[in-house]
Ligand code: XMP
């Protein structure tokens, strides 16, 4: 086995918005890390074998009686600790220092004057010279007012008397600011010092090593068994296919269901990339007619989602039975593109103190009787890591960096009843929008963009004749986590070009509108 997990960091999450970002930054440095909830089983902390522990920020106040605390095991482990924001405050509160609630929250840029040097700050300064200082990003209410015994104050700001503190003997550090956000200029360098210099982690977490490690693990897990994968054309399932193909070759069979609700010509592209270019065994099921007949007469969004989900399961089940008959042996494994953010435990979930409630969009489970065991080779990876290994495995960059596409596809972008002629118009309008986004170099600057079909007729003049035709809405959003989103301020010239092309090139559309709603209150999709 590769040693990829031998040097790792454990992040205990106190419910901060930025915890996943801390983990991503550390992994970008080449070091594996996991996020556990602060109330995770404490004995496992010692058994885990991390080389250092990071305590994240969080929304609570250590000045309150029942504030979340780091378990004693964190201090007993004898490991370096870095407390960030709330993590620093709980270090102070638990180790005999003091914290206090401020009158107002501090949010934004700040300058930390370094008043004593420590190993964390060695060589780091945005203002070299007589007064060493760091430009940082703050987001907090409470702060540490007295550093605990054994700690020295290493930095302060105008507003915060203990902005950073250190206990060099124990290698325990606290920073009030957020090193994980890019607004903190030396944030990356600081995390690097902690992880590599102070914790002594080697940088083994690279795309090539992740692939090698997963190949070994998958081979050990599935042996000579057949594995089935539902290929959607999306990033995650495509990367799983490429990875498993590299690991077990033709023992992997992918089922690709063409629902008729995909992007323009997507079915052919998936086959060209996965089957022809990568050599993956893919069964393409052309099921558009089945989907359109099942959806006829239904206009309720939830009903449509259920029909689409159920049909997928039915078709997948049929194909897997055929496969079993053909290969003479039972297919035992189902591969899934579950990724790390799907499985991270929420801070405080065990003690019922969770702050964040995630909404999931699951496509629905497979039938019980299939009795397949799961192989999930992306379970440890963040989306950006999935993309990096996708490229390393030879998938086209364009596919790997594509915007997300919902499971029910155009089914939730055609408002109301879904009809084949609407799906074709919408797919073509969407293709024009995407093509122009790429031409104008705007595609990678938006998180998700798409067209929506509105089943309302609007008057227009096409040629010399008065026309009474459909409306297409364009949507483009910027977001980090898809939980909240801003609409993108696309240039007017660009919008004009897309609108002209859609109206001129597509028969049946007389009007194009641009959606300027944020989330919340609007969702990203229209249904
Ligand atoms: P909303 O519309 O909830 O979308 O703001 C947030 C993100 O989720 C995607 N989405 C879905 N994905 N099945 C999916 O697989 C669904 O039913 C579904 N609905 C929304 C949406 O495209 C956006 O990225």
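Cβ atoms are placed via backbone N, Cα and C, with glycine included.
TrEMBL entries are annotated by machine, without manual review.
Taken verbatim from TrEMBL:
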type	residues	note
ACT_SITE	85	active site, nucleophile
ACT_SITE	178	active site
ACT_SITE	180	active site
DOMAIN	205-402	domain 'GMPS ATP-PPase'
BINDING	232, 233, 234, 235, 236, 237, 238	ATP binding site
Taking DSSP as the reference, which of helix, strand or coil describes residue 238 (ATP binding site)?
helix
Are there any residues at least 6 positions away along the chain from residue 232 (ATP binding site) with a Cβ closer than 8 Å to its Cβ? List them or say none.
256, 405, 407
Inside 8 A of the center formed by the CB atoms of 232, 233, 234, 235, 236, 237, 238, which other residues of the chain have their CB, for the recorded ATP site?
231, 239, 240, 337
So of 180, 236, which of the recorded positions has the fewest other Cβ atoms within 10 Å around its own Cβ?
236
Counting only residues 6+ apart in the same chain, whose Cβ is under 8 Å from the Cβ of residue 238 (ATP binding site)?
231, 270, 273, 274, 390, 395, 399, 400
In Å, rounded, how far does the Cα of residue 236 (ATP binding site) sit from the Cα of residue 180 (active site)?
25
Nearest to residue 178 (active site) by Cα distance: which of the recorded positions 85, 233, 234, 235, 237 is it?
85
What residues, ordered by sequence, lie under 8 A Cβ-to-Cβ from residue 237 (ATP binding site) and sit at least six positions away in the same chain?
229, 230, 231, 337
Distance check, please: Cα of the residue listed as 'active site, nucleophile' against Cα of residue 180 (active site), rounded to an integer number of angstrom.
11
Mean per-residue pLDDT computed across the domain 'GMPS ATP-PPase' (205-402):
89
Fewest other Cβ atoms within 10 Å: which of the recorded positions 85, 235 wins that one? Let me know.
235
List the same-chain residues at least 6 positions away in sequence whose Cβ sits under 8 Å from the Cβ of residue 233 (ATP binding site), in sequence order, or say none.
256, 262, 263, 266, 267, 269, 270, 405
Within a 10 Å radius of its Cβ, which of these recorded positions (178, 234) has the fewest neighbouring Cβ atoms?
234
How big is the Cα-to-Cα gap, in Å, between residue 180 (active site) and residue 235 (ATP binding site)?
26
